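J.: TrEMBL feature annotations, pasted as is:
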- 72-93: transmembrane segment (TRANSMEM)
- 100-119: transmembrane segment (TRANSMEM)
- 100-256: domain 'Sodium/calcium exchanger membrane region' (DOMAIN)
- 131-152: transmembrane segment (TRANSMEM)
- 164-186: transmembrane segment (TRANSMEM)
- 206-224: transmembrane segment (TRANSMEM)
- 236-254: transmembrane segment (TRANSMEM)
- 281-305: transmembrane segment (TRANSMEM)
- 287-428: domain 'Sodium/calcium exchanger membrane region' (DOMAIN)
- 317-344: transmembrane segment (TRANSMEM)
- 350-375: transmembrane segment (TRANSMEM)
- 387-405: transmembrane segment (TRANSMEM)
- 411-431: transmembrane segment (TRANSMEM)
Amino acid sequence: MICFINVGEFYHMENGGDQSKKASMGKESWNNGIRTAQTMSNSLLRKKSDPLLVSKLRFQMLRQFLANLQEVILGTKLAVLFPAIPLAIAADFYKFGRHWIFALSLLGLTPLAERVSFLTEQIAYYTGPTVGGLLNATCGNVTELIIALFALYRRKIHVLKYSLLGSILSNLLLVLGSSLLCGGLANLKKEQRYDRKQADVNSSLLLLGLLCHMLPLMSRYAAAPGVLIADSTLQLSRASSILMLVAYIGYIIFQLKTHRQIFDSLQEDEEEEEEEEKAVIGFWSAFSWLVGMTLIIALLSEYVVGTIEAASESWGISVSFISIILIPIVGNAAEHAGAIIFAFKNKLDISLGVALGSATQISMFAVPLCVVVGWMMRVRMDLDFSLLETASLALTILVVAFTLQDGTSHYMKGIVLCLCYTAIAACFFVLKIPVPLDQTNVKLGLKPSTGISA
């Protein structure tokens, strides 16, 4: 990592330019673009560093490195969780209990997810609003995506589907519900309103994703008894995934170009209160840290995927409950906390942007991307999430759509959404769904089931 940062310093010296000037120019372009709700949510957990701590150092390269280290590692209130990363690596090296590896890896992913958001925002100061918006649109849920890809590589299709489904349910019910509940209680004497335009766009995309999930399931139940339709379901899933990715690309163009005014309203009030911001690290330093942290996320994600069954056996909890409930709660803790804080400030547009934006990104980007990647890897990954899981997703989207239809909010709506999430969590905790033997099926050359439950 030191060599990367020195490259950034060399870039600065080689061009002979003032990096602060470039940063301010980048900031001007970035303000005219899209700063997503997820980015605003994560920014609440950041803290400013004291430049005097490193200003007295004699060597410029060492001073530059320590300044970047201070901004990246210590510039978040979640820095206390960073020791979980070396502890997880040590636990794996010394062959500690695999459930400890799982727990430490999950804790270590929490600050990394927030730091990825910070680094993409720093890069956006230099690249401008379009590239910055694309970075946030693709890196907003990088932790869930990497975990899903490692599960796909290990042929653990059940873990992949459970984790992605859990992330959608968590954002729509837990994050949104707790935000509406806390915001309603904190603003009892104020009328809480939000712009329905963005909520309507996200709801439409979520319903499209739900349709693509239901078609393979319905075709499986509609087939005549004894007729094998696994190949047809797989082909339908791949075709639907391509359509979902096309829809997501259209959503990005809609958000960044043609209808930017809908999403600009999310940040107007926040920018009035914030002091002028500027990039705190250089472009190449931010890029190098982003690459390094992505590699660490990949390592911890591999630990999580490889030890989830051991943690399930050790704790007596089903893999479905861990994947659908625990992993999304811990992995997105920073983003969830930010959404609740904005709700306390009566800024529900940002809270809704966090919850609905993340759910849309998982449903319309992460899920179909895994299907397409599995297609390239010759892995039978489809959109059939089985009856219980698909029904939970369908009812969740319908409840949220009805909840947000009038453009106003109160704490009772939050209570309903939180209780819906509690009921789903209790269902997967009590009902221990058998785990399909994906890896065994692959090794024996058998066709795995189309669903994630036996």
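Glycine is treated like the rest: Cβ placed from N, Cα and C.
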J.: Count the residues of the domain 'Sodium/calcium exchanger membrane region' (287-428) that DSSP assigns to helix (H, G, I), to strand (E, B) and to coil, and report the three numbers in that order.
T.: 118 helix, 2 strand, 22 coil
J.: What stretch in 206-224, 236-254, 317-344, 350-375 has the biggest tally of Cβ pairs under 8 Å against the transmembrane segment (100-119)?
T.: 317-344
J.: Under 8 angstroms for C-beta pairs, at least 3 of them, ignoring pairs fewer than 6 apart in sequence. Is the transmembrane segment (206-224) in contact with the transmembrane segment (72-93) by that rule?
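T.: Between the transmembrane segment (72-93) and the transmembrane segment (206-224), which are separate recorded stretches, there is no contact, as judged by 3 or more close Cβ pairs.
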J.: Assess whether the transmembrane segment (281-305) lies in contact with the transmembrane segment (164-186), where contact requires at least three Cβ pairs under 8 Å among residues 6 or more apart in sequence.
T.: no
